[in-house]
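Trainee: This is the structure I want to talk about, given as structure tokens.
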Amino acid sequence: MNESLILLHTGVAIAGTILLILALRLEPLIALLCGSLYLGLATGLGFGGTTEAITGGFGGIMTDIGLLITFGVLLGSLLSVTGALRRLTEGMLRIFGAERSPYVFGTAMSSIFPAIYTDVLLVLTAPLGRSIAPRIRRDGRAAMGAALILGSELGLVLVVPGAGALAVAGLLHVSLGRMLLFGLLVTVPTALVTIYLYRLLLRGGLWNGDKDELADEDHDSDEESAGASESAATSPTGQEGHLPGLGVSLAPLCITILLIAGGGIAKVSGITSGPLAFLGSPLVALFIGVVTAYSLAWGGVSRQVASSAVGSGLRECGPILIITGIGGSLGGVISATGLEDILAGYFTSNALSPLLLAWFIAVVLHVAIGSTSVAAITAGSVLAPALGGTDIAPLLIALAAGSGALFAVHVNSNFFWMFQRLFGLTTRGTLKTCTLVTTLASVVSLGFVLLLSAVI
């Protein structure tokens, strides 16, 4: 099929999906499937090819992150019933205050935990973010959601050992030490400035809790059951005294993070060890964290409360897994159309300033195909062959590509739908947080990359 028609049909599919959800108020599950079916049939994949791309996209996402999501949600649920999240929340509020919490979250997550997959990091930190949100005077859920989004996405493409940052650095032959140092110089101020700008928008009336936050029975019942379990665990009827200390309660989370980070560091350092790779894999690390948290809940509270927390977590997993999988279906159809190669072929390395071009290519790719890492890597690969004929440092190209890849996480990204369910927002609210915040971060980070270009 003509490349222009593929681009047109992709735009119609994405815009149509958004309109079905926002204007006709269809469930995202139905709207995403309609968009996937339209795109596959309209671009000539055929009936069999379309259904194969949809099921393949769903299965591919579930293979990659299905168990990670499940274990991450279970870990959060178990940490809740031991009182760990409540006490950690209170500790953070005492040290930093509620109003500073979004800034602390955004910078800490993006700069300290880039080795952790974005999906895993999101499911690990969402319960803590949601528990802090009500303490913020105004629009707390939006502010904390913005912080978690930035914390998950910035480190992925700008800070080593984030997967996207590693790939782009390797592609452009940038030393990992320089990528880490200058990536942090871009990431930290980007997180702070973006959160500040976003909170200015919130004060201007951007957020409407009635329309932007979920109030459906399933979500409420999950929260109530989790809250009831934590209340039972920490009530003055004798349970509070048997709970482990905060350090012990947080051990499952710390063990998980250290194992994953250790595995990532070992991989970057070229250390080949079967046991280390096994323990450092996110699947095994999360499972160890879940087993540890379950043991603490069983011994520190009761077997009944621990089992109730697992049941609550499994009920919460269902909608998250389904909507994430359907988002993967749309991505699978987009991939089957060959859109990535089409877009890459449209760009040449001598059309614009290389930094702006790297950013723009990554923006277009990310908006079209929904993968932050793929957008950054493809943008870098387009310009890599021509870098020898320019005076632009490959490091700056890598940072510009990562910056552009942040632009506008929206409905064709499984991260968008995971965030919506984990943070309890409507599609409208998720567009106001996930999409708007990543767009702001992309523009702000480009500004810092251009500033760096003046001194490097």
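Placement of Cβ uses the backbone N, Cα and C atoms for every residue, glycine included.
Caution: TrEMBL annotation is automatic and unverified by curators.
OK, TrEMBL features for this one:
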COMPBIAS  213-225  compositional bias 'Acidic residues'
COMPBIAS  226-235  compositional bias 'Low complexity'
REGION    213-240  region 'Disordered'
TRANSMEM  6-24  transmembrane segment
TRANSMEM  29-49  transmembrane segment
TRANSMEM  61-82  transmembrane segment
TRANSMEM  103-126  transmembrane segment
TRANSMEM  146-172  transmembrane segment
TRANSMEM  179-198  transmembrane segment
TRANSMEM  246-266  transmembrane segment
TRANSMEM  278-300  transmembrane segment
TRANSMEM  320-343  transmembrane segment
TRANSMEM  355-380  transmembrane segment
TRANSMEM  392-412  transmembrane segment
TRANSMEM  433-455  transmembrane segment
Trainee: Are the transmembrane segment (246-266) and the transmembrane segment (6-24) close enough to be called in contact, which here means at least 3 C-beta pairs under 8 A that are separated by 6 or more residues?
Mentor: no
Trainee: For the transmembrane segment (355-380) and the transmembrane segment (146-172), decide whether they are in contact, meaning at least 3 CB pairs lie under 8 A, counting pairs 6 or more apart in sequence.
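Mentor: Between the transmembrane segment (146-172) and the transmembrane segment (355-380), which are separate recorded stretches, there is contact, as judged by 3 or more close Cβ pairs.
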Trainee: Tell me, please, if the transmembrane segment (61-82) and the transmembrane segment (103-126) are in contact, taking contact as 3+ Cβ pairs under 8 Å between residues separated by 6 or more positions?
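Mentor: They are in contact.
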Trainee: Apart from its near flanks, which chain residues at least 6 from the ends of the transmembrane segment (146-172) lie with a Cβ under 8 angstroms of it?
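Mentor: That would be 101-103, 105-111, 113-115, 117-118, 121-122, 125-126, 129, 179-180, 183-184, 186-187, 190-191, 194-195, 198-199, 264-265, 267-268, 372-373, 376-377, 380-381, 384, 387, 394-395, 397-399, 401-403, 405-406, 409, 415, 419, 423, 433-434, 437-438, 441, 445.
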Trainee: Going along the chain, which residues at least six beyond the ends of the transmembrane segment (179-198) come within the CB cut-off of under 8 Å?
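Mentor: Tertiary neighbours of the transmembrane segment (179-198) are 102-103, 106-107, 110-111, 142-143, 146-147, 150-151, 154-155, 158-160, 165, 169, 395, 398-399, 402-403, 436-437, 440-441, 444-445, 448-449, 452, 456.
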Trainee: Among 6-24, 29-49, 433-455, point out the range having the most Cβ pairs under 8 angstroms from the transmembrane segment (320-343).
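Mentor: Maximum Cβ contact count belongs to 29-49.
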Trainee: Is the transmembrane segment (433-455) packed against any residues at least 6 beyond its ends, judged by a Cβ distance under 8 Å, and which are they?
Mentor: 142, 145-146, 149-150, 153-154, 158, 182, 185-187, 189-191, 193-194, 197-198, 201, 355, 359, 363, 392-393, 396, 399-400, 402-410, 415-416, 419-420, 423, 425
Trainee: Restricting to the same chain and to residues at least six past its boundaries, which positions have a Cβ under 8 Å from a Cβ of the transmembrane segment (392-412)?
Mentor: 14, 17-18, 21, 28, 32, 35, 149, 153-154, 157-158, 164-165, 168-169, 171-174, 178-179, 182-183, 186, 327, 330-331, 334, 354-356, 358-363, 365-370, 372-373, 375-377, 379-380, 383-384, 427, 431, 434-435, 438-439, 441-443, 445-446, 449, 452-453, 456
